[in-house]
Ligand SMILES: Nc1ncnc2c1ncn2[C@@H]1O[C@H](COP(=O)(O)OP(=O)(O)OP(=O)(O)O)[C@@H](O)[C@H]1O
Ligand SMILES: [Mg+2]
């Protein structure tokens, strides 16, 4: 609830007759079962939100959205364009089978101080029972240009456009990775599934990082990571060599950030190929398109990335353009075989900010 503009934890629970499942609840004395029913957020202590929209407001929003059309399908259900108060919103619908993914993604998006112009803006999470099954909704800002993957497939980019896209992804990732200390702070977060399909392109041709369902948070006081670790969770094609080889040190949070930087290098390569200089560009391709099959196994990837130590090809003609030369160097330093030798997101952000200023100067 909002009280004097500040949020209070919603303590009321739905009544027992309304609940026909078990509930995990600390805010009501007469409900003592210890399984979460996920049927009402106010019953869930881990979703008590210090910021963002109050839970009841989230629910009200979700219940007044009218779904318009399906815009995509992923591992965890469908993404729809919906209308809410005349505005487009994106609705990701999970089946109740995938409730853990839905819950986790909603939880991460509601991390204190996560909001940033280059991270997908979360609006609400809710569940809907249509009488036969329960749909789990995640409502976010809608970006009509779709994912960076869609965008690069559709057309080419200018040099300035390429630098803006690359800088915006680095800015979003630097924010995600950064710990902000203090009461109004945020924990460091690693994404773990960074790829062009999980980055959206906004109207102003900058990016927003999406799909935080696999992310992990670092508690720097206790030096712990907030969920049990399964290293091989992301998309195989974008997995860092240490993950493919199963030698990543998962007790060090830094390792997760370094693995994200490897994936970022591959995304930069996808962008740079589509950059048009003197009318020359390359067709869109996924990283390692020429050396692994379309749905590569871990073993396929390991052979190429770890054993043969192959990386995407950096064409000679990139040397003739300053921005492509810089971005080529950055990607190489991101996909280094040793995690410790990779650039940090903040470093990439700084390098690309300079490049962006230079390019603006030229224009
Ligand atoms: N907020 C959004 N605004 C506009 N389009 C979106 C939004 N979120 C997702 N999409 C579209 O829906 C598609 C499906 O998204 P989803 O995250 O479910 O799957 P994916 O990223 O393609 O694959 P994966 O399951 O491996 O993550 C995206 O590729 C994108 O085109
Ligand atoms: Mg996705």
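Every residue, even glycine, has its Cβ placed from backbone N, Cα and C.
Quick look at what TrEMBL lists:
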type	residues	note
DOMAIN	52-64	domain 'GS'
DOMAIN	65-355	domain 'Protein kinase'
BINDING	92	ATP binding site
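Note on the domain 'GS' (52-64): mean pLDDT across this stretch is 74.
Here the domain 'GS' (52-64) is broken down by DSSP into helix, strand and coil counts: 9 helix, 0 strand, 4 coil. The residue listed as 'ATP binding site' is surrounded by 23 other CB atoms, counting those within 10 A of its CB over all protein chains shown.
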